[in-house]
Structure formats: structure tokens, C-alpha cells
Amino acid sequence: MSTPDNHGKKAPQFAAFKPLTTVQNANDCCCDGACSSTPTLSENVSGTRYSWKVSGMDCAACARKVENAVRQLAGVNQVQVLFATEKLVVDADNDIRAQVESALQKAGYSLRDEQAAEEPQASRLKENLPLITLIVMMAISWGLEQFNHPFGQLAFIATTLVGLYPIARQALRLIKSGSYFAIETLMSVAAIGALFIGATAEAAMVLLLFLIGERLEGWAASRARQGVSALMALKPETATRLRKGEREEVAINSLRPGDVIEVAAGGRLPADGKLLSPFASFDESALTGESIPVERATGDKVPAGATSVDRLVTLEVLSEPGASAIDRILKLIEEAEERRAPIERFIDRFSRIYTPAIMAVALLVTLVPPLLFAASWQEWIYKGLTLLLIGCPCALVISTPAAITSGLAAAARRGALIKGGAALEQLGRVTQVAFDKTGTLTVGKPRVTAIHPATGISESELLTLAAAVEQGATHPLAQAIVREAQVAELAIPTAESQRALVGSGIEAQVNGERVLICAAGKHPADAFTGLINELESAGQTVVLVVRNDDVLGVIALQDTLRADAATAISELNALGVKGVILTGDNPRAAAAIAGELGLEFKAGLLPEDKVKAVTELNQHAPLAMVGDGINDAPAMKAAAIGIAMGSGTDVALETADAALTHNHLRGLVQMIELARATHANIRQNITIALGLKGIFLVTTLLGMTGLWLAVLADTGATVLVTANALRLLRRR
């Protein structure tokens, strides 16, 4: 890694290895700072929001060091560094851009504008020059040591000073910016101390191992960001817009809803769009994990980033700049970094006292034996310096976020978006799942199966009235009724004063008369009681069409189970997770679905009833609520974790803690398995980190290990923890 100096140039910098997440405490983790960012303005409730793009962060400890430096500035209300998307966000009452840039420059970091082009990457030779230089100098020093001890000692001192200079400089910068216990500080003290007592070879070896750890750290950071980088690369930089019969190449930021664009075969959509071409196949695997191309017809929505498989297509832009499907996913990733798991917060608090405590122990080990027992100063100074290096909490600090980030990335690859470590941790504890029925267990596209009008009205008239009231509604049943009327080519009149009745139905004025569409049982319908019972017993949903309090007839609709619903329920049972259906549908229709899946159910529930049921179930064991509609949002909020189907409403997706973008219920099983695997991984990582520290603490006091083994142990623990966390990315 390299750290920018005050003039924006890169200087060699050595930092121990760390992985792929938002680490808790910059002061505590092995990293150095090469960060640069971008200032963009937006209004915020707490003042003005400024944002920069941050480049060069090789571990999440860099993010915490940047936060530390900015947080000390007067006038800063809030500061966040989002490691996955390399973004610095500062909320302030006044324009503090100059102060932020100055503070970070003094701390050894540089900033660039968020909209600026990516900085060109340094050549591999330049990037690895510090490591190569130190290896060559180390080899020369060993050679000289074999033939001439004095010259060998001088060579080791020179090697140490060359490696130490950038580290000590960065340590001073970080101390000035408030990061007192950064690994750069520990390394500087240990190397200088080793030189002081004549352990020149070990001082040089410590720095060499440190630099190797830094290169591993850079590799881990790039692996951590691969998913986000791939997602950002899904959007092309330009689009072909059709205007007045002419084609023009425009930047995607200039596209607006209503624009008509053209995408060639093999091209990616620059924005969410509505298909205007007759039909086409789209590869949406990068967004949803769905490997099979999806067939779309005229009027269907297609997300940004999807690829037109086999033909030139025309679409109408639906999304504003920065509000496409890809942008929403990136926003979820940013939000996920803000929602840290409880165990992450615990490790953060623990690490804040761990390093100072180890430094205090090292000082006592250095002073007490020589002062009280006349022991050798050189021996105990050496042991104290070794303990100082053991005090680096890199492996411990990254043990949790490395696993959580890998878990979140693995879930995203499979089309499951989990909003942060807290949600992932909660998901791993779930032993119950409550399902909404329509749109969750079923495909959410019911069809009209029967129309039964009262005497004196035709089927067409009944369907026309119902479609007029339901036009524009988002509920799957409403859309099915409108779709049926459109297929029949009926002239649908315009309804006025349309009003949704919570838990009951929807009403409107049609041709000056009040028409109500409601569930059977919400309005007296004695003449149709037998028919309603018969239809509901067959698993169909029945709605009444009421005009001026007179029941004009009933419309029956039926949805179909998702293809993988039965398999998903069976696999959940195998995991020890119990399922239950909570639905606003009638009991008979719910019973038909529940019987087919072998689930318990509660039917006829209003939104507040669902909340009550979820609260009661949640008191017995952690419960996940899976839904897709506005009426599911309160229940999802009340559950231990809310999970939205990707086809759900914006309200459901916003409320949920996780979402299945591909609408496959088996993805829920994979999410729970992955969450549990992540928990196990975290426990393993903490054991590795603390176990190795404990072992080397004892062996150091017994005189069995020295400085270079202490650094090797720290780097080794960090490598093991990171490698263990990366195993989650390979889970099937």
C-alpha cells in the first residue's frame, strides 16, 4: 500500500494485513491510510451533506481513521465512511469542505470529487517496489552478516530505517488526527526499541513481514469490493436515446422518465425501463442470481443492468438518475455498513481497551523484573517489545466484519439482499417463519376463474364495474380483475373518489353511483352464501361487487403456488424452522394452500391482526416475517427480521431487513443456512485470533518466541481469519 503525502504524491507505506469490511476501530487495526475522496452537496435534515469518493483504502481500519480525523472538526454533525463503496459522507451545519480536506491531508489521505474519473492505477512494479526493495536489502544484509558482522549490522540498521520512515511518518500523522494506538505506532515503537537493544536483524524482519501482510491486505480489500465493483459496472456510461426519429448518444445521467431508448443485442440497460418492443429475453443474472434468461412482453418492467439477450429492443425510461434498480441495491449495501451486528459492536468496545491494556502489560513486563528483581534490562525490554506487537488487534478486530461482509456478499450473489450485520445475525437465530400468502407463497398473479352476477346484470357489466373501481390499484387481485376486463376488450369507465378501506376493500364513484369491491364476509350477501362457501372450499378467493349497498355479484380468483414453495418448506423443516401462514384471505382459501404445504395458518387478518400474531409468535422464538405488500410492512417491522419478496411494493422493500430479488422461496433457506454458517465462522475467527494471541503471550514471557515470530503470528492470524471468512464466498 502507499500513503499520499501532503503534496498528493504516493510514499511507501507498510501496514499489516486486514480484510474486507468496515472494521470497528481504526486505532486498533493494522492498516495505513491511502484514502482519497469526493465532495458532492445535498440537503440533509441536519444541515448540508457533503460526500467524497475515497480511493486507496486497503482495509476498513482506513475508514475508521478517516472518520477519526474528520470527527474532531468543529461543526461536524455526523461522519460516515462506507468502505464497500469507498465513500465519505459528512453532515455539517456550515461549509467545511476545506477543513475536511485539510484535516485528511494532514492525516496522510487525499480526496477527490465524487463525479471525477477514477484515478489511474499504479503499475505493479511501482505498487510492489517497497516490498521488493526491502527484500533485496534484507538479502544483502544477511549476506554481509555472514562475512562481516559489523557491516551486516549496519546493513540491517539501514534496512530498518528505510522501512521505518514511512511508517513512523504515518504514525505521527495519525496521532495528530486522534488515532493514538494505530498499528503504525506500535510498529514504530517496536522497531526503534529493537534497534536500541541491538536486535537489528529482527527489527528489519519485523518490517518485512509487516509489508507482506500489507500486500495481503490489499488483495483482501479488492476481493471485498469485487461484488460492488461488478454491480457498478453493470450500467453503461452512455445510452442511445430516440428523439424525433433520430438516435443520439447521451450520458446516462441525462436520461429522464419518459425518454425512449434503444438497447442492442448484448447491450445492458442504462436505466429501469418499460419494454416497448413486442417481446424479448433478458439476462438478469447479475442482479437476481437467476441464471435462465427472463422472457418479457410489451409493457413489462426491466431493471437497469439487465442484458438484452438476442435482439435490439426499445424501452421507455422509468427511473430518475440515481434511482435505478442498481442504484437501490448500492444504497442497500451502504445502509448495510451502517447497521452493525451486536457482536461487531462488542468486539469494537473490546478492541478499544485491548491495545492500551496490552501496552500497559508490555510496559510492566519491561520495567518490573529489572527494577524489582535485578533482571537483565535487555532481555525484558526485548520481551516488552514483543508483547507490544502482540498488542496489535488486527485479527480480532476483523474477525467479525470479515465474516459478515463475506456472508452479505455471498447472499447478494444468490439474489438475496441483507441489510447489514445486525439483520444477518438475527437471521441466524430464526426458528420460525411467518408467510404472507398472496405474492409470497403464491406467484402473486391470480387469475379470474369465475364471474357470478346477480339477476338483471351481465357478467360483462359486473366485470366492467369491478375493473373501473380497481383500475390503478396495486393489489394482485385488483390487477387480475383489470387484466381480465382488458383481455375481454371491455370499455372501462373512469372511476372518481377512489378510496381504499383498510382491511375491507376499495370503493369509488362510477357513473355517479357508489361501487364497493370487498372480500366475502365484509358485506352481507345472503343470496350468494352457498356459492361463496363452495368457491372458498375449492381454495378460491371471492370478492363481492356492491353498488349502493346492493350485491351485484361475486368474482372468484385463484392464485398458484410458487414452483419451489413445497421444497422450500420441506428444507426449512429440515433446518428446524417452523412455518406458519398469516393472511388476510378467507380461511377456506388459506386452508387449501396450508394443507398443500403442511403449514399452520391464521386467516382473515387485518394488518393490525398480523402485527399482533407476529408479536405473539416472536415472544416464543425469533421469527422472520416474509411478505410483499403494504399490508405486510407493519408485521415485518414487528418481527425479529422482515424479509420482502423482490416483486413486492416499495413500502415492503423499504421496511424489510432483507429481500429476495429473484422471488425464489428456496433463497430463504439459503439465507438462513448462510447466516448460521456466518455465525459459526465468526466464532472460529475469534478463537483463532485470541487463541494465537494467548499462545504467543505465554511463549514470549517464557522466552520461547521473539519479535519476528510475534509479527508472523499477528500476520498469520489475520491471514487465517480472512481466508476462513472468504470460505463463505464459496458456499453453494
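A Cβ is built for glycine as well, from the same backbone N, Cα and C atoms used for every other residue.
Taken from Swiss-Prot, the feature Zn(2+) 1 binding site covers D58, C59, C62. Following the DSSP three-state reduction, the secondary structure of C62 (Zn(2+) 1 binding site) is helix. A 10 Å cutoff on Cβ-Cβ distances gives C62 (Zn(2+) 1 binding site) a total of 31 other Cβ atoms nearby, all chains included.
DSSP gives C392 (Zn(2+) 2 binding site) a coil state; it is part of no helix or strand. The feature Zn(2+) 2 binding site is assigned by Swiss-Prot to C392, C394, D714, with a curator's inference given as support.
The annotation Mg(2+) binding site is assigned in Swiss-Prot to D436, T438, D628. Residue density at T438 (Mg(2+) binding site): 26 other Cβ atoms are found within 10 A of its Cβ, drawing on all protein chains shown.
Residues or ranges marked as domain 'HMA' by Swiss-Prot on the basis of sequence analysis: 48-112.
Positions annotated as topological domain 'Cytoplasmic' by Swiss-Prot, on the basis of a curator's inference: 1-124 (among others).
Under DSSP, residues within the topological domain 'Cytoplasmic' (168-179) fall into helix, strand and coil as 9 helix, 0 strand, 3 coil. Residues or ranges marked as topological domain 'Cytoplasmic' in Swiss-Prot (evidence: a curator's inference): 168-179 (among others).
A Cβ distance under 8 Å defines the sequence-distant neighbours of the topological domain 'Periplasmic' (198-202), meaning residues of its chain 6+ beyond its ends; these are 141-142, 145, 153, 156-157, 160, 378, 382, 706-708. The annotation topological domain 'Periplasmic' is assigned in Swiss-Prot to 198-202 (among others) on the grounds of a curator's inference.
Within the model, the topological domain 'Cytoplasmic' (223-356) carries an average pLDDT of 79. If you look up Swiss-Prot, you'll see 223-356 (among others) marked as topological domain 'Cytoplasmic'.
Remote same-chain partners of the topological domain 'Periplasmic' (378-383), defined as residues 6 or more beyond its termini with a Cβ less than 8 Å from a stretch Cβ, comprise 193-194, 196-199, 365-367, 369-370, 700-701, 703, 706-707. According to Swiss-Prot, the topological domain 'Periplasmic' annotation covers 378-383 (among others).
The feature topological domain 'Cytoplasmic' is assigned by Swiss-Prot to 405-685 (among others), with a curator's inference given as support.
Here the topological domain 'Periplasmic' (703-707) has long-range neighbours at 190, 194, 199, 202-203, 205-206, 379, 382-383, 385-386, 389, 696, 713, meaning same-chain residues at least 6 beyond its ends whose C-beta is under 8 angstroms from one of its own. If you look up Swiss-Prot, you'll see 703-707 (among others) marked as topological domain 'Periplasmic', on the strength of a curator's inference.
The transmembrane segment annotation in Swiss-Prot covers 125-145 (among others) and is backed by sequence analysis.
Residues or ranges marked as transmembrane segment in Swiss-Prot: 147-167 (among others).
Annotated transmembrane segment per Swiss-Prot: 180-197 (among others), in sequence order, evidence recorded as sequence analysis.
Swiss-Prot lists 203-222 (among others) with the feature transmembrane segment.
The transmembrane segment annotation in Swiss-Prot covers 357-377 (among others). With a cut-off of 8 Å between Cβ atoms, the residues of this chain six or more beyond the transmembrane segment (357-377) that come close are 181, 186, 383-385, 387-388, 390-391, 701.
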For C394 (Zn(2+) 2 binding site), the one of C62, D436, D628 that lies nearest, given that the binding-site residues are compared by Cα: C62
C392 (Zn(2+) 2 binding site) versus binding-site residues C62, D436, T438, D628 - nearest by Cα: C62
Other CB atoms within 10 A, centred on D436 (Mg(2+) binding site): 29
Length of the line joining the Cα atoms of D714 (Zn(2+) 2 binding site) and C62 (Zn(2+) 1 binding site), in Å: 18
Non-local residues, at least 6 beyond the ends, that sit with Cβ under 8 Å of the transmembrane segment (686-702): 347, 365, 383, 386-387, 390, 393, 395-396, 399-400, 709-710, 713, 716-717, 720-721, 724
Helix, strand and coil residues within the topological domain 'Periplasmic' (378-383) as assigned by DSSP: 6 helix, 0 strand, 0 coil
C-alpha spacing of D628 (Mg(2+) binding site) relative to C62 (Zn(2+) 1 binding site), in angstrom: 39
